[in-house]
Amino acid sequence: MSQTPNDRLEEDPEKHTHEDSDQTEPEASSLDRPGTSHDELTGAVPSSKPAAPLRQFSKTNAPPTDKIELKEEDAWEELGFCFPTWKKWTILTIVFLVQTSMNFNTSLYSNGIGGISDEFGVSAQAARAGAAIFLITYAFGCELWAPWSEEFGRKPILQLSLGLVNIWCLPVALAPNFASLMVGRALGGLSSAGGSVTLGMIADIFEPNDQQYAVAYIVFSSVGGSILGPIIGGFVEEYLHWRWTIWIQLIFGVFVQLLHLIFVPETRTTILLDRIAQKRRKSGQSPNLYGPNEIEPFWRRFTFKELIWTWVRPFRMFLTEPIVLTLSLLSGFSDALIFMQIQSFVLVYRQWGFSTVDIGLAFIPIGIGYIIAWISFIPAIRRNRKERALKPGDEHAQYESRLWWLLYTAPCLPIGLIIFAWTSGGPPVHWAGTMYMICAYGPYSASATGGNGWSRDFLAGVLTVPATPFYTNIGGAKHLEIASTILFCISLLLVCAVYAIYYYGPELRKRSPFAENLASKVTSEDHGTPRRRISRLPSNEIGYAGFQHRHEHGAHNTGAVITEA
């Protein structure tokens, strides 16, 4: 006579528990619970969006304390990976605008420095501190927001971030004194979630092998937003009061927040699984089915010490891991140059009689360079994907080959800087010579944006204030030329380091305890066996994975790991 599950449980509860534990996946612990598909765990990527087989959860008389965790493979067709293509790219386009607005906020302020200095009676150098403090706190804000979007969902965290940034525009736009302005700028930067959330959404809706084009799209908004500020800011500075540099930020911020609120759904896999489980329980389909966060709430999974370690780990790795340090500095240096040029372009182009509007328009060549670079990376991405598919067991093909196109574009940075340096002395040299800045920033920066976001924002903030003294106090009569030549020398050293990483990356990783620990989890010993998604690794290993993949795979997401198997 057949027995029901309850009969067996009553006969031998210990045996039943033991049998159940044997049948569960060995990695179904809380450390494994970040959203991941079964296909990614086994390395198989669906070729034409086949639905993963659904596990049928029928009604049961089991006690409600016997909770069953809903896995990705049990609700695959209801997750972000199966959104139609038009919906995915609609989400990405709105995220593109959100990311643009965040970086727009970092640069537009600089066009109000003259008015701030006059109204509050502070020096122009003191007024520049408002730009610097926003960038520095932005760098740390991205890290602080990251864990929360993983646990509570992308949408509420990004909405909260956007709302706070918009709120903190008000004390700046209405500032009665300079101190109020500085406080508002600091809080605005700290409230900016940045790429820690926006790039994390790519991992929510794209399979690993499909992420590169989406990443390229989003990081273009990051670099593009930085130069959009001075281009628009030239007109604002020329024709409006300085406070409009803040009001325009607020208008743009409210616009993208409403777009995000109305058109972007929640994408975080674990949050969607929780909702699906609640819906199935309510319908009676499976009363004992629970989502990952319902099985073990956040405060049971993480202690305060673990949260602090999660926040500290990126900075520790920045200082102790050669690959992370080199590529972060290279990326950060490139981004910081834009904010230095926002200050120095006035000194350079005034020699040719440029107006405020003209100086802002001088940033257009950098934008053209970004577009050229973005287009050039499309065939580079295709080449890399083919190489990795053909050589699944080749470590160099899986990692260092992702830097291949950078070997050709990175030298554009020092080449462009040295040309800019010795054409920036003013007449009789024509100003068009300085427009080779296209070479300095565009082709390189689109690839360098794969670097760590923290280093980019932090270095940009640190170098904003000393930029003008640097260009005016070094080199005597040739101060402009000498200052840019120094930057050329720094960039040349960093570019040389890229070649060292490309050719000696495997040896460097072998010396790294983080990399070796990760490699034992991610890369199988036999050639061609698929690797685990990094989001399934224990939390104390995700830090290196995030940095390793951000720098070598073309994403700069800090906190939400984007992987490419």
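Numbering starts at 1 and runs along the chain as it is shown here.
Yeah, the Cβs are placed from backbone N, Cα and C, and that goes for glycine too.
What TrEMBL records for 91-565 is domain 'Major facilitator superfamily (MFS) profile'. On the 0 to 100 pLDDT scale, the domain 'Major facilitator superfamily (MFS) profile' (91-565) averages 81 in the predicted structure.
The annotation region 'Disordered' is assigned in TrEMBL to 1-66.
Feature annotation from TrEMBL assigns transmembrane segment to 213-232 (among others).
Look at TrEMBL and you will find 244-264 (among others) tagged as transmembrane segment. For the transmembrane segment (244-264), the list of distant contacts is 90-91, 94-95, 97-98, 100-101, 104-105, 108-109, 111-112, 155, 158-159, 162-163, 165-166, 169-170, 172-173, 232-233, 236-237: same-chain residues at least six beyond its ends, Cβ to Cβ under 8 Å.
Sequence annotations record features per position, and here TrEMBL assigns transmembrane segment to 323-342 (among others).
Among the features that TrEMBL reports, transmembrane segment is placed at 362-382 (among others).
Sequence annotations record features per position, and here TrEMBL assigns transmembrane segment to 403-423 (among others).
Taken from TrEMBL, the feature transmembrane segment applies to 429-446 (among others).
Annotated transmembrane segment per TrEMBL: 458-476 (among others), in sequence order.
According to TrEMBL, the transmembrane segment annotation covers 482-504 (among others). Within the same chain, residues 322-323, 326-327, 329-330, 333-334, 337, 340, 344, 400, 403-404, 406-407, 410-411, 413-414, 417-418, 420-422, 424, 470-471, 474-476 sit at least 6 positions outside the transmembrane segment (482-504) and bring their C-beta atoms closer than 8 Å to a C-beta of that stretch.
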Same-chain residues at least 6 beyond the ends of the transmembrane segment (458-476) whose Cβ lies under 8 Å from its Cβ atoms: 106, 110, 124-125, 128-129, 131-136, 138-140, 329, 332-333, 335-336, 338-340, 342-344, 347, 482-483, 486
